[in-house]
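**Student:** The structure under discussion is supplied below as structure tokens; questions concerning it will follow.
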Amino acid sequence: MSDKEEQPDTSLDVETYGNPRTFDPNFKGPIAKRNCTDVLCCIIFVLFIIAYILLGLVAWVHGDPRRVAYPTDSKGHFCGQKGTPNENKTILFYFNLFSCTSPSVVVNLQCPTTQICVSKCPEKFLTYMEIQFSYRTNKHYWTYYSQFCKSPFVKPVKTLSQVLLDDDCPTAIFPSKPFLQRCFPDFTTKNGTLTVGNKTTFEDGSGKTRNAIELRTAANRVNKILDARAIGMKVFEDYATTWYWILIGLTIAMLLSWMFVILLRFIAGFLFWVFMAGVIGIIGYGIWYCYQEYSNLQGRPNSHLSIYDIGIQTDISMYFQLKQTWFAFMIILCLLEVLIILMLIFLRGRICISIALLKEGSKAIGYLPTTLIYPVLTFIFLSICIAYWAVTAIYLATSGVPIYKVISPERTCEHENTTCNPEIFNTTEIAKACPGAQCNFAFYGGKSLYHQYVPTFQIFNLFVFLWLINFVIALGQCALAGAFASYYWALKKPDDIPPYPLFTAFGRAIRYHTGSLAFGSLILALVQMFKFILEYLDRRLKEAQNNVCKFLQCCLKCCFWCLERMVKFFNRNAYVMIAIYGKNFCRSARDAFNLLMRNVLKVAVMDKVTDFVLILGKILVAGCIGVLAFLLFTHRLPTMIEGPTSLNYYWVPLLTVIIGSYLVAHGFFSVYAMCIDTIFICFCEDLEKNDGSREKPYYIAPTLHGTLNKMQLVPQKQKE
């Protein structure tokens, strides 16, 4: 048989997707002599990074993170800042919390009431009217009450109307506790009744009798935050008690993940076929159950009616009283069962190839164990990017000088939300036109060119952050692909594997292909940026949208989600081609696309088989660690090992261990997934470039070559 006759028939695919690569006798794996690719994109990427660093420096000069750490009073002064009159006044006090109808207003410090810094929160019920009467007999009450006024007074000589007009003192105080450096009501529950300081009703100082429910309504979500404080303290205690057990659990998860990856060369096929047998069995049981229900409804009144006859019903259980419903379920399950069986029969060859590639990937990681450490480096890079983005965002958000806005409790003032000066506000026409209006601190800003473009800088900060995150991931994928490609294209494994393949591949990616990796990352960052913009518009225009707009927005979200998944898939394979051949991004993406289209069925089967095995592995690792953690934290293993005692919520460390174990397994299996993708692309390239002769030998491992021989997908000449 001639060489031409021995090659697989790809004439139809070649006509559509381009010619397969011809044999290069000098090709011995990833090309060492390379040129820099996508230089223009590399230059742009470097310029963006320089601009990003400069933005961080400028934000650092103008920003002040103390504005986040310290609460700010109505005059824009920090509470508790050293070297200021408020140094010993670390807590923010609200004159009239009933004005704060929304917790978001409280958190944003835009509650339409005066806010001052105090050293401690009120501990008792007192009104200004009561103080005026009791001052003559006991001046101690006024001394206590006056610390919650804007400025010190010798005695309470002003009338209540003057106090309300000048806004010098609160009309009433009630027991509060500090939380997030702010005084919030001390809510408690007594015999099922909500109380404040053991009282259900109290005077608000303006002649009205209030109850605890009204106060909670004024700050409804604040109460939830106060409840969360106790829960947060208990959670912190649980973490302090179990932190070393959590670390032990994550270490065991790492060892289990490593063992699973290594053992996949022996159990990959077994896992897949057992799972498929289970799926077929479950669907078969569903068919039998539907038939039983269909038979049991024989002869029952109205069971012969159709779904069309009864129409749309809110009670879904009515549909399960019809024979037609169970018959339809049985038909659907039968079709699904037949479809799965036919796919397993006709695609069994490609499934066998996929399983063989999974085993080969496990063997490759066994020869290159340093690749399992690379996720740690990726994690460090990602942590640096996230930290820089967060710090820059905080400094940008706190740039500027205090800006004051007019806030009216009744929201009827025509000057609402206009800029004002708190020093002269009471003498302006606005104060006369809008009785009760306040000139309160709103946010930090300014009128300079820098302050005008702070929102734009925040968008730039987010965009470059997405670009850098995707670049770090792309760098890891390209470096791992280069290492695993070096393994595949070694004719005699492991003797021909070059030394330090991961380090060499990482150096090549940085030195020659930064531009190409930045190009692919830029495309993905643009798609993700559009997704963020859509999400932002959806939140801002949620109430103003009609059904048509909502439908169109859902369609756009779906399209961008699909586009993001598609871009990630093509980028991943393009990085593999870059690691092997060292060409630019566009050419590598085109070659990868053509190669995959010529092997589209293999790609589909390989992708699903790999996804199944990896998901099963993650669930297996997280499940095993979760079961052990559950037995430990619930004291079900007292005879073997003594776990932590007196936990408030055992599920807190339990969920931490389970989620952490899943993430650890995901880190290991992401390396394995990249290994499989690289070996698969190299495998497809190998079949197209070579024919198994002595002049054009296959680089396939002997075990994989034996599988292909049994399926008669490669010639027998190489065996001779």
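Cβ coordinates are placed from backbone N, Cα and C, and glycine is handled just like the others.
Caution: TrEMBL annotation is automatic and unverified by curators.
Here TrEMBL flags 37-61, 243-264, 270-291, 326-347, 372-397, 462-490, 510-534, 612-634, 654-684 as transmembrane segment.
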**Student:** Does the transmembrane segment (243-264) reach the transmembrane segment (654-684) with at least 3 CB pairs under 8 A, where each pair is 6 or more residues apart?
**Tutor:** yes
**Student:** Between the transmembrane segment (372-397) and the transmembrane segment (654-684), are there three or more C-beta pairs closer than 8 Å, counting only pairs 6 or more apart along the chain?
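**Tutor:** Checked: the transmembrane segment (372-397) vs the transmembrane segment (654-684), in contact.
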**Student:** Hey, would you say the transmembrane segment (270-291) packs against the transmembrane segment (510-534), going by three or more CB pairs under 8 A that are 6+ residues apart?
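**Tutor:** Answer no, regions not in contact.
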**Student:** What stretch, picked from 510-534, 612-634, 654-684, has the most CB pairs under 8 A with the transmembrane segment (462-490)?
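**Tutor:** Stretch with the highest Cβ contact count: 510-534.
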**Student:** Could you give the residue numbers and ranges of same-chain residues that sit at least 6 residues beyond the transmembrane segment (654-684) on either side and whose C-beta is under 8 angstroms from one of its C-beta atoms?
**Tutor:** 239, 245-246, 249-250, 253-254, 256-258, 260-261, 264, 357-358, 360-362, 364-365, 371-372, 374-375, 379, 477, 480-481, 484-485, 488-489, 572-573, 576-577, 579-580, 592, 595-596, 598-599, 602-603, 606, 610, 614, 617-618, 621-622, 625-626, 629-630, 633, 699-700, 704
**Student:** Grab the same-chain neighbours of the transmembrane segment (510-534) for me: Cβ-Cβ under 8 Å, and only residues 6 or more beyond its ends, written as numbers and ranges.
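**Tutor:** Tertiary neighbours of the transmembrane segment (510-534) are 34-45, 462-463, 466-468, 470-471, 473-475, 478, 553, 556-557, 560-561, 563-564, 567-568, 571, 574-575, 578, 582, 584-586, 588-589.
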**Student:** Under an 8 Å Cβ to Cβ limit, what residues of the same chain, 6 or more beyond the ends of the transmembrane segment (612-634), are close to it?
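**Tutor:** Residues 242, 245, 249, 252-253, 256-257, 260-261, 264, 268, 271-272, 275, 358, 641, 643-644, 647, 650, 653-654, 657-659, 661-662, 664-666, 669, 672-673.
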